[in-house]
Amino acid sequence: MQKIVILTGAGISAESGLGTFRAEDGLWAEHRVEDVATPEGFARDPHLVVNFYNARREQAAAAVPNDGHKALVKLEAAFPGEVVLITQNVDDLHERAGMGRVIHMHGALKSALCAACDHRWEAPLVMAPGDACPKCAAPAARPDIVWFGEMPYDMEEIFDHLAEAELFASVGTSGNVYPAAGFVAEARRNGAQAVEFNLEPSAVGSQFEDIRLGPATKTLPVWVDEILAR
Ligand code: APR
């Protein structure tokens, strides 16, 4: 039983046409994080925030999964029950590629959250501030996104998986945002091997024994075939 834990970031969706955050032309070059990715920003200007996520929801709906997403599906199919996918991404490209359980630690564009009663439901393509919660009817709908200063989802389950991981792979993340950037140290502390897939070493690249440089659509399929050939 070899437990493979995979963490993905915006880089795995880049070749599907979705923007990353910290590239020169990234999302954080166009928008101030404090305006569109904090509870304070949402309280200050809910229209700006809701429309930021409406635009990203539309872009994600128009994107298609790429060979990087598909390689992970092939890996999961080869090792049923032994592959755990944790993503920082809020798009649904992993699911649309055919992945089983996807742990969205930063939330999901396809989900809406009631700020009054914590009810979750499938978000409409276009949300509006003050949309009513289908459960409690409060005008308190918000994007189900984990903003800076909020607790990422499923952290207990994630650390349980990292404790059992024998192989940890990080794909397309710059290693700038914790707690995700600390997952490699946690996995290695528990004896896992660690491999990173990126265009360049991430901020935590030195913690990986193996770094595969290049686009994930090229590097991931090669890696998965290596594992399947073992
Ligand atoms: N293949 C592999 N890696 C790629 C590719 C590609 N085709 N294109 C870009 N990358 C890499 C970049 O080199 C970079 O290291 O993807 C990484 C993207 O980094 P970020 O833009 O910082 O995105 P991410 O690491 O996912 O951000 C983490 O920060 O703002 C928050 O909540 C947001 O989930 C996000 C978190």
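Every residue gets a Cβ built from N, Cα and C, even glycine.
The feature active site, proton acceptor is assigned by TrEMBL to HIS106. Cβ neighbour count for HIS106 (active site, proton acceptor): 19 (other Cβ atoms within 10 Å of its Cβ, all protein chains included). Secondary structure at HIS106 (active site, proton acceptor), taken from DSSP and collapsed to helix, strand or coil, is coil.
For LEU199 (NAD(+) binding site), other Cβ atoms within 10 Å of its Cβ number 15. Look at TrEMBL and you will find 9-28, 88-91, 172-174, 198-200, ALA216 tagged as NAD(+) binding site.
Under the DSSP three-state reduction, TYR53 (substrate binding site) is assigned to helix. If you look up TrEMBL, you'll see TYR53, ARG56 marked as substrate binding site.
Around the Cβ of CYS133 (Zn(2+) binding site), the same chain contributes CYS114, ALA116, CYS117, HIS119, PRO139, ALA140, ALA141, each under 8 angstroms and 6 or more positions distant in sequence. In three-state terms derived from DSSP, CYS133 (Zn(2+) binding site) belongs to neither a helical nor a strand segment and is classed as coil. Annotation comment: TrEMBL describes CYS114, CYS117, CYS133, CYS136 as Zn(2+) binding site.
According to TrEMBL, the feature domain 'Deacetylase sirtuin-type' maps to 1-230.
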Whole-number Å distance between the CA of GLN88 (NAD(+) binding site) and the CA of HIS106 (active site, proton acceptor)?
-> 5
Residues near the Zn(2+) site, CYS114, CYS117, CYS133, CYS136 excluded, by Cβ within 8 Å of the Cβ center?
-> ALA115, ALA116, ASP118, HIS119, PRO134, LYS135, ALA137, ALA138, ALA140
Cβ proximity for CYS136 (Zn(2+) binding site), under 8 A, sequence spacing 6+, ordered by residue number, returns CYS114, ALA116, CYS117, HIS119
